[in-house]
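In what follows, a single structure is set out as structure tokens and then discussed.
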Amino acid sequence: MSGSGRSQGPTLSFTKMHGLGNDFMVVDAISQPFRLRPEMIRKLADRHFGVGFDQLLVVEPPGLPDVDFRYRIFNADGSEVEQCGNGARCFARFVRDQRLTNRRVIRVQTAAGVIELRVGREGWVTVNMGVPELNPAAIPFAAESRQLVYPVEVNGQTLELSAVSMGNPHGVLLVDDVDTAPVETQGAVLERHPRFPSRANIGFLQVIDRGRARLRVFERGAGETLACGTGACAAVVVGQLRGLLDNRVRITVPGGDLVIEWQGEGAPVMMEGPTARVFDGQIRLPGDHRRRGRRQSGRHTPADR
Ligand SMILES: N[C@H](CCC[C@H](N)C(=O)O)C(=O)O
């Protein structure tokens, strides 16, 4: 990371973790100063020249009463986002492993609101992901009114897309076979579709039976990942609303299985899944990592504020 001859910045300690292959660089910003610009996050996310991750998770002191921590999430493209389901599980394991808490039930403030995490055995964590949002204006998704399915034009095709927010925006398409679904092509177009003003995570859902489904997700700001926790929650909500799934569903993503439970409108979505620590590391940042670089034209991200 530190090029030869450039001023040397501070060393940043981190832990590399993953939830079913959705991988994270986790930084304790309680015991060390942290403030990175989007272009530095993108460099750290690079799988050849940096640490390599889908998302950067930053652990901070709580900013609200009766909350244990605050946790910020940055995609590989440097954008700061509202929620990350697999990340929430890894966050919970991290703060306990690092002895930042000895609680098994942890309340954490995210940009999408406060969520509650329950640490189980062998690294399994259950997360109350909150109540899904289906009002298009709140997702946000451009539509006159709330529909179960929205016709969306992509490359001359009319797709039947459902839209839901788990704190972050999701589009969900039903497919016959996730293995042959056009994830890279359709996912990339829909991620940036004009009807998703904040962009979106795009899930391709194959229903196996009322209790099992397969899913691939083209994530906003990261591309296809091996797992997407909020995407699995969004997919179960859509599958239930479309009358195809029961309340408790085993969702198989390329990286493994998640268990998602939703009791219907107004209820929170519960997600249960594993976590893994890969290694602890330190990386020396270039001296100018904090200097204001050329502002990225176009995409505005909260991290720029
Ligand atoms: N790419 C997502 C954030 C990470 C979500 C995903 N990794 C999860 O486990 O929920 C977004 O831009 O909203």
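Cβ coordinates are placed from backbone N, Cα and C, and glycine is handled just like the others.
According to TrEMBL, the feature active site, proton donor maps to C84. Here TrEMBL flags C84 as active site. According to TrEMBL, the feature active site, proton acceptor maps to C228. Per TrEMBL, the feature substrate binding site maps to N22, Q55, N75, G85, N86, N168, N201, E219, R220, G229, T230. According to TrEMBL, the feature region 'Disordered' maps to 283-305. The site 'Important for dimerization' feature in TrEMBL is assigned to F279.
Shown on the structure are the features that TrEMBL records.
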{"residue": "N22", "record": "substrate binding site", "Cβ neighbours (10 Å)": "29"}
{"residue": "N75", "record": "substrate binding site", "Cβ neighbours (10 Å)": "26"}
{"residue": "C84", "record": "active site, proton donor", "Cβ neighbours (10 Å)": "31"}
{"residue": "N86", "record": "substrate binding site", "Cβ neighbours (10 Å)": "35"}
{"residue": "N201", "record": "substrate binding site", "Cβ neighbours (10 Å)": "27"}
{"residue": "R220", "record": "substrate binding site", "Cβ neighbours (10 Å)": "24"}
{"residue": "C228", "record": "active site, proton acceptor", "Cβ neighbours (10 Å)": "35"}
{"residue": "T230", "record": "substrate binding site", "Cβ neighbours (10 Å)": "33"}
{"residue": "F279", "record": "site 'Important for dimerization'", "Cβ neighbours (10 Å)": "8"}
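Each residue contributes its Cα atom, and for R220 (substrate binding site) and F279 (site 'Important for dimerization') these two points are 26 Å apart.
Neighbouring residues of the recorded substrate site, listed in sequence order and excluding N22, Q55, N75, G85, N86, N168, N201, E219, R220, G229, T230, comprise D54, I73, V81, Q83, C84, G87, V217, A222, T225, C228, G231 (Cβ within 8 Å of the Cβ centroid).
N22 (substrate binding site) carries a strand DSSP state (E or B). The DSSP secondary structure for C84 (active site, proton donor) is coil. Only N22, N86, C228, T230, of the recorded positions N22, N86, C228, T230, F279, place a Cβ under 6 Å from an atom of ligand 1. Here the Cα atom of C228 (active site, proton acceptor) is found 21 Å from that of F279 (site 'Important for dimerization'). The shortest Cα-Cα distance from C84 (active site, proton donor) to any of the recorded positions (N22, N75, N201, T230, F279) is found for T230.
A helical conformation is recorded for T230 (substrate binding site) in the three-state DSSP classification. Geometry remark: N75 (substrate binding site) versus F279 (site 'Important for dimerization'), CA distance 20 Å. Counting in whole angstrom, F279 (site 'Important for dimerization') lies 15 from N22 (substrate binding site) by their C-alpha atoms.
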